[in-house]
């Protein structure tokens, strides 16, 4: 498709006339619709293959035109310089996504790459790093190259990288021994191993496992920020800032001069101690002697295209006023300096005076720029058919008769075949082989997608998309923006940090104080140091670390510490044990009951089912497909289904449920879709109607929005079997509703129903298939204990065209709020404004109304009557309001695809899981969502709040919540699954221990023998310094991770693997680590030989075998193998256990390793037959 439309256009006279002057002189091109314009621009780029700059008035327009251009130009050649709005960018902590796109763009330009660069106005005017300085900081490292390590590390800091002990996020680097790890903004994390100052090897590595993979010969390291800050820049900044401070001070009110002094001092302090790019970017106008703008990065022969010039001029005017107001507010309040700015004040067109510019506008209008040519195109919109086949047939026939070339773009290969056969049935000839020459009067159906179709009458060309045929939305063309791996979303909530609460299986809740190396006797070992009540401390040898878990409970709860040696912990554990046993009994009864009961067994999928599923306009995610298969498998079995489908907000649970409902209807069964609120009922009802409009399925709704007459008719229809699917609130559970043949009950968010309703659902479950949907994740640990009791399906992958919500953490400021509101409303979107104080919520609305006089603003809170609240929400969904000022009542369940900006005041007061769920309200369509978490300006955040906001910022990836925020939700989910009263028990022993106890109880009741996950304990006591010294591994977390791995080693292969990892991550290891590995090696062989104890007696080593191993060993073989040890080895038997003594010599450790290996090899292998 890329070449076909473009080729067709390139041969047209009108395009050739345009091509001659395009990029040579100032021209105006008018009359083209957005997708036709994208087509012409893309064709010009493909033909000339030079750098091309395309300026739009805002990021929304840039995104829109980019989507269409990507249909023609390969995504490796399309670049965007995404800037939201200048002030928010400079004053907030931002997600790395946009930053990496900006860095990619600047780097490509600085290296003279060809490409089509799309830039919104505020990105075009922004002050940037001088081009030469940027070029100096492009680094390519090659194997064999000699580097000055200090200068190299210094350069990384200039480029915006942060030094950490372990690299886990974009923009970090670490140095351990001779190993440098770097996670660049573009590309994969790399590990550089040095031999003195020479680059010995470069490998990419995985941040999740910290292991390196393939060797590479060279790596390009891009900057981690769009500003480069060197020592010279800091020097220049200090001088300029001092001048600005001295100039500003006398010009402002005396009352705020102290504030100005504080602002100045804080910046000065910041520069001298540790400069943070996020903070210093506010001072960009003082940083460089001659800052650049984006146009300075382009080559002289670049082609410049401006989209809708007059609209850009309007935006520029607003932008200039906004920045000036913003800065004067800062200056007047003592928070800013005269001369502090972010962009070039020269007008936009003045920046382009040196270049020939092609201006594209839809209508011809007067423009204040010199023009040499005006080229007018005639372009018509395409008829919207929306599935009306008669109109479609007559229009297509008209095109064919008039010798038009018609190109129909559809999104998948299967749809190509379906549309072709549909058109062939209308007797319209179609072609699918787009490589042959296309004649007029033909219809080509091919894969592709544009935002809309267009008709160019002069060229006799019509392009029609699915949107015109069937009203489906364009699928977003994904660009290769780097998605952040799960590892980065925050390693795991199990990471132990000093000060964390822990649970020791035998001693209870304590506090983790770190790893300490202690000298006991003459040997050094590592111990985990724990603090208990009062001054009690416990040192746990690292090889017993599996008895210590991180304490995880409901959000932000601090537990009481236990007393060492007290009875309190024993009592607590006994109570919890009783409770999990009761639950286990309940679960087992339920399990037996389900196995015994018989329900309806559905048949295999029908042809209608396949047609219905093909109709879905999006690709299913792998998790959705798996869930659908699991549900259909349940339905096709005789026992009733009871499955829980859990997936993050907006991950496509509804589509899975809709397919199950359709399957039930095709087998002549009725379906009840039960939801907690009237609004959700309305939304699900509309979804079902839209999805099933082409199939003979009768769908009805029972809710307060229906008249008594409609509800009466629905009830009759359910009783007679006329109604196939009914959607409704708890009214569906009423005694007055009778079904002719109910086959499937779908329950959305069961935990939100009352006790009475839950009981009614329980009775229905006995002989009807039940599918329950929930957005609260169910913890993995519970999946295991629930296996076979309640079936679970999990959707963890987001749909293809969902974008991460761009998350900003900002100080509260009216300018930011106004800007965010204006940006969303300018793209015809809506805003959730979260204000959690009911008593002053109406004042907040008035305040916002003064900021945005033209906006329609509504209020929603929990003290309104249910009817008022529902009507307000419905009006908001129907876009009667632009802004909804609301409390946390929106946390669950409402889907407003058009609301894509969320602003939360005092975000520092919210819990992590709450912020995560609230943020899931936006970014639900294919538009990018924005979330602004505001905290009061002069308030010092407490540590927890700061960590929380930091975490939110880091999980800007979709669904990344399955990590840290999910900790709290997991516990909530566990409570929902097991009953609210379990919350207290979970909190008393911590979530992990609770899950473990539950799993053991369930398995015991089901008669399943627990396979020990860890190796049986072999006591090895040797007088050796065997530990991980702090000089070798600085990070305590990394230390604990390695000790955990060593504890699980059961084979030589696994041991080699850990050795490789140590060398890979921390370089060659010292003697203490070698001794530690020797002990693990001895344990591995001892484990397979049935050895129970290896003990250092001073002059000899004692080895005791288990009675079973004593029976199994082949004594003759052992003596034969151990001959080299001579008299150093003695063997005896005591209490049915073999006792081997090894006299110590100089090389006693090697002798011991040899001996244990011999014992293992002497075990008699039983014949299999």
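Note that Cβ sites are derived from N, Cα and C of the backbone, with glycine treated the same way.
The motif 'DEEQ box' annotation in Swiss-Prot falls on one of the ranges 744-747, 748-751, 752-755, namely 748-751. Taking the mean position of the Cβ atoms of 647, 648, 649, 650, 651, 652, 653, 654 as the ATP site, the remaining residues of that chain whose Cβ falls within 8 Å of it are 775, 795. Residue counts for the motif 'DEEQ box' (748-751) under DSSP (helix as H, G, I; strand as E, B; rest coil) come to 2 helix, 1 strand, 1 coil.
Of the binding-site residues 647, 650, 652, 647 has the largest number of other Cβ atoms within 10 Å of its own Cβ. Of all Cβ atoms in the protein chains displayed, 23 besides its own lie within 10 Å of the Cβ of residue 653 (ATP binding site). For residue 648 (ATP binding site), the number of other Cβ atoms no farther than 10 Å from its own Cβ, over all displayed protein chains, is 26.
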